[in-house]
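Student: For reference, the structure I am asking about is given below.
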Amino acid sequence: MSPPTQSLQVKLLDPRFGDLWPLPAYATESSAGMDLRAALEAPMTLQPGDAALIPSGIAIHLADPQLCAVILPRSGLGHRHGIVLGNGTGLIDADYQGPLLISTWNRGREAFTIEPGDRIAQLVILPIVRMGLQVVDTFVDSARGAGGFGHTGVR
């Protein structure tokens, strides 16, 4: 696998990293995200409908205001077990330096146990474009216009 093109400052908040658990890393050459682990002291069971903030065991500092990080669910956990993020997506601003917490929600029908070290989410770094607002009275017409939910149909 080719080496990363940029570096990310990471604080290890859990001593099990490097010993019991590897650092977050890209699993394949084309992976967009690095898996985040549940830095729990003991197994945690989420009953259907329960939500919990789970520590990732790391803190990051992007420093570059043209970047952000997002915490996203792992597709298999959501599809097979109903384990998703309680906040949909976790947005991490470039100047945030605190611990990464994973809002985890069991939207499934069965209890699900998360073990210490389980990979429960993924971290993706994205570019940011900051826009200035231009107040207008009307927009130039577009093909879609103001068509909202369901506007383009399903077929």
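Backbone N, Cα and C atoms are what each Cβ position is placed from, and that goes for glycine too.
The shown structure was predicted, so the numbers you read here are calculated from the model rather than taken from an experiment.
According to Swiss-Prot, the record shows the following:
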BINDING   R74, S75, G76, N87, L91, I92, D93  substrate binding site
Student: Across all the protein chains here, work out how many other Cβ atoms are within 10 Å of the Cβ of N87 (substrate binding site).
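Tutor: N87 (substrate binding site) is surrounded by 14 other Cβ atoms within 10 Å.
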Student: Between L91, I92, which of the binding-site residues has its C-beta surrounded by the fewest other C-beta atoms within 10 Å?
Tutor: L91
Student: Express in Å, rounded to the nearest integer, the largest CA to CA distance found among the substrate-binding residues R74, S75, G76, N87, L91, I92, D93 named in the record.
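Tutor: With R74, S75, G76, N87, L91, I92, D93 as the binding residues for substrate, the largest Cα distance is 27 Å.
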Student: For N87 (substrate binding site), just give me the three-state DSSP call.
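Tutor: Assignment for N87 (substrate binding site) reads coil.
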Student: Which chain-mates of R74 (substrate binding site) that are at least 6 residues away have a CB under 8 A from its CB, listed by sequence?
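Tutor: Residues satisfying the criterion: D35, R119, I120, A121, Q122.
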